[in-house]
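Chemist: Under the heading domain 'MIB/HERC2', TrEMBL lists 10-78, 147-225. The domain 'ZZ-type' feature in TrEMBL is assigned to 84-136. The domain 'RING-type' feature in TrEMBL is assigned to 823-858, 870-905. Among the features that TrEMBL reports, repeat 'ANK' is placed at 471-503, 504-536, 537-569, 570-602, 639-663, 673-705.
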Amino acid sequence: MMDSVAGSRSTRFMMEGVGARVIRGPDWKWGKQDGGEGHVGTVRNFESPEEVVVVWDNGTAANYRCSGPYDLRVLDSAPTGVKHDGTMCDTCRQQPIFGIRLKCAECNNYDLCSNCYHSDKHNLRHRFYRISTPGSERVLLDARRKSKKIAVRGIFPGARVVRGVDWQWEDQDGGNGRRGKVNDIQDWSAASPRSAAYVVWDNGAKNLYRVGFEGMADLKVVNDAKGGTVYRDHLPLLGEQGAGKTGPHGLQIGDQVNVDLDLEIVQSLQHGHGGWIDGMYECLGTTGTVMGIDEDHDIVVSYPSGHRWTFNPAVLTKVINKPPGPSASHSVTESTTPQFVVGDLVQICNDVERIKILQRGHGEWADAMLPTLGKVGRVQQIYHDNDLKVEVCGTSWTYNPLAVTKVASSDTNIQGAASGERLSALLKKLFETHVSGDVNEELVKMAANGDAQKVEECLKRPDADVNGVFASHTALQAASQNGHIEVLKILLRHNADVELEDKDGDRAVHHAAFGDEPAVVQLLAQAGADLNARNRRRQTALHIAVNKDHVGVVRSLLELGCHPSLQDSEGDTPLHDAISKKRDDMLTLLLDHNADIMLTNNNGFNALHNAALRGNPSAMKILLMKLPRPWIVDEKKDDGYTALHLAALNNHVEVAELLVLVGKADPDLQNVNLQTALHLAVERQHTQIVRLLVREGANLNIPDKDGDTPLHEALRHHTLSQLRQLQDVQDVGKLLMGLGSQGADKKSSASIACFLAANGADLTIKNKKGQTPLDLCPDPNLCRALARCHRERMVQNSVGDELWDSSEGGMESSNAGEQLDECLVCSDMKRDSLFTPCGHVACCTACSPRVKKCLVCREPVVTRVKIEECVVCSDKKASVLFRPCGHMCACDCCASLMKKCVQCRSQIDQMVPFIVCCGGIGNISRVNL
């Protein structure tokens, strides 16, 4: 029972420790993987109670020991959600204390949080108890006065960072490799303090990113920053057991849970508790592990696939693993799964087809495991899901416990000499090569194991066949995949057939590519192997090497002259695969060896189409730089889609920018439905793509097969509920600024419609049903907004051409002046707010606080000044802007008499009339000194 309790605590610690921030510990022996002493990392997950995976802030990820030898110390456990209810830090007043609690051993009821403790708060001569988790054993620490302090470095304020291993925020950072600066360490959620970093990217974007929350690392440091100092030896070692965290639902971290309810009930209960998506179907009938409990008491469950889902606790059923009773060993109902302990000797299943099935979801099967079949190994480790790590044939593999058979226990307390003799005889027999007597089996296993001497001996036997098959493989194929050059030379010397295929049609060269063995590829090529041979999936060795990320084999195959552009059964070339795998190095290699960009797969996608579809900007850039003919950028699929259509359809902004700016793609090409890329972007409400295409000169008035322009499309998809949102003054103001700021609704059809109208979309074009865009707009407020946007566009054009456009009903100058005096946002009040530094007047004082960019010139607004009456005559409103000081403090009559600003006494170089400040036409006078 004590072992059971200890195991339970160990499991809870494993689950609860995920997300902890750590530094190197006392038994560290891994050089500078962490970046040096004091550099910080994040606990990603536990492989077992003895082994933990850490992602260091510098991006390195590796496994470390956390039992017996302790490689790590816990710097901060607050990101894991560990909290001490009912406590308060007596210095910073944090309540409750998250992370490690320090309790003074010499004062009555005095607590510090970890930050205050290491910041030297309270008396340094006093000793403290360290309490890692609620209910855990207190550890008495030495006084801080005589203890060693070290600096910690990593992702702290001031650090320069790029995207990390868990990045999933598209191109918020401006693109892969772009840098930003950490401004602050904040809470990702209320239940996970100090688990995120607030970053300002070099492109101006700002956001919060995970650094510890649920073990995630969204960022990687390129220039680290100092995060203060800590008493190194006062930090707990990662691996010290802590109490579990239990919610009111009775579940705690580490519990195994099932979803046993009907799907409809589950979906109903999930409302307001994380929701339901199709990817969650894996949870039905699969046991998961509780990884976290959020502040709403919802449960975060991890599944074998690696996915984590949030559940309403009412959906989950706890799996009860009852400990065996006193007579469990004699029970007729005991589990058919053998019980193992570390040190047990086990024999691996000899049936290759059966073990392939058993290995699914239990470490999976690899052909390199072939030599272990029938062999005896020793259990090194037992994982929490009962899978076994077995040392066998000089390597270690993970096995399903049903795929092995126990042949001897680790218990050496065998009574009697006879028992000892029987055990010795058993082990001697079991450690011999396990074959059925079939010489082909022995030859293939020896070749796979790299035993050149035994292969030579085996081939001397009269019944030996150098091309004999065992488990669907020849000796040459097995040796090729495992890179045994000496064995290969022996087999080739005995005339082994390099072109024999296994059951999947793979030849020796395919196996060499799969095993990442470029030297074997070269040897096989010298022996006359066909480097362009295809397997049953029509894949060449080059396809396999690209898909397996084996760049060395790719380089060898291309240098040896293999064809770079053969197509597999799906029509994909290695170029398609390199783009899908996001391997720019392989892509460049293939293009340098004249891979054909124009070949299309079974779905009609060439390499450019594939890069656009996948949203791979780096691949697109390489392809555009190496295009043999520039017109390829506009090549269409059978349905008329170009690469730009695909980028617009899927909202791949950076790819679209490259196609337009670098590739000079034609934005006005139409597909079979006569839709341009702009039609598709508007239909999907991809506002960044819309802005890009409009900015780069796309025609806004091209009709599709139904006669609809993009503006028709925007208004057709606009719902009545969205229309009502436009009645809010603030939203209209943002629309007029060109789709607003980052905070605006980027999926608003109304925003897109106003933007199109403001940039020249024709409001009068009729579709094949005789409808104009305004006919599709049932809301008069939106109609007025569209007309206003269009009118402002006309005014701006007239300013640019230095002509007054009177096309709208032949309006007179006085009428234009009245229009220019009207607030661009509410249209009710007069303009009376001066924007600086641009000096434009666009709206009234009531609306101006909502405006972030000037509605006339689109420049950021720094300050807003209400235009008051003339400070000289007090009869009229101030209406002349003085340059360079930027003050508007006098009317036109009084200003004409001035050479210095009456407000700041600085020299006046120019006087700008009010109508010009509003975006109209007027004479800017210069002051002669």
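Using N, Cα and C of the backbone, Cβ positions are placed for all residues, glycine too.
How about a rundown of where these features are and what they're close to?
Modeler: Residue counts for the domain 'MIB/HERC2' (10-78) under DSSP (helix as H, G, I; strand as E, B; rest coil) come to 8 helix, 31 strand, 30 coil.
The average pLDDT computed for the domain 'MIB/HERC2' (147-225) is 90.
Helix, strand and coil counts under DSSP for the repeat 'ANK' (471-503) come to 17 helix, 2 strand, 14 coil.
Listed as Cβ neighbours of the repeat 'ANK' (504-536) (distance under 8 Å, sequence separation of 6 or more from its ends, same chain) are residues 367-368, 472, 474, 476-478, 480-483, 485, 488-489, 492, 498, 542, 544-545, 548, 550, 552-553, 555-557, 560-563, 566, 568.
Within its own chain, the repeat 'ANK' (537-569) is flanked in space by residues 504-505, 509-510, 512-514, 516-518, 521-522, 525, 531, 575, 577-578, 581, 583, 585-586, 589-590, 593-596, 599, 601, which lie at least six positions past its ends and keep a Cβ under 8 Å from the stretch.
Residues of the same chain lying 6 or more positions beyond the ends of the repeat 'ANK' (570-602) and with a Cβ under 8 Å from any Cβ of it are 540, 542-543, 546-547, 549, 551, 554-555, 558, 564, 608-611, 614, 616, 618-619, 622-623, 626-628, 632, 635, 637.
In terms of DSSP helix, strand and coil, the repeat 'ANK' (639-663) has 17 helix, 0 strand, 8 coil.
DSSP places the residues of the repeat 'ANK' (673-705) in helix, strand and coil in these numbers: 16 helix, 0 strand, 17 coil.
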Chemist: Report the DSSP secondary-structure composition of the domain 'RING-type' (870-905) as helix, strand and coil residue counts.
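Modeler: Tallied per class, the domain 'RING-type' (870-905) gives 4 helix, 7 strand, 25 coil.
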